[in-house]
Amino acid sequence: MRLHYLLFVFLILFLVPAPGDTFIPKSLRRFFCRVRGGRCAILNCLGKEEQIGRCSNRGQKCCRKKK
């Protein structure tokens with residue numbers, strides 16, 4: 001039974017996005033952006049937003065309102 005918990009932890013660690021990782025598919029990047037309270041901006045974030053990540057390798061940025 002403890003093995004299941006260990007495997008679950010490794011699965012979560014594998015799916016959590018790390019800065020600069022390119023092996024994460026674009027759909028997962030968009031999902032994690034929305035989970036963190038952000039949105040995918042095509043070019044730049046708006047003036048009242050901050051960049052918290054990337055939605056794609058081609059320039060889409062994950063932005064959310066500044067706190």
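Positions of Cβ are set from backbone N, Cα and C atoms, glycine also.
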Selected from C62, C63: Swiss-Prot disulphide partner of C45: C63
Once the DSSP letters are reduced so that anything not helix or strand counts as coil, what is C33 (disulfide bond)? helix
Fewest C-beta neighbours within 10 angstroms among the disulfide-bonded residues C40, C55 belongs to C40
Cα-Cα distance linking C40 (disulfide bond) and C63 (disulfide bond), given in Å to the nearest integer: 6
Around the Cβ of C62 (disulfide bond), how many other Cβ atoms lie within 10 Å? Please give the count over every shown protein chain. 25
Among C33, C45, all listed as disulfide-bonded residues, which has the most CB atoms within 10 Å of its CB? C33
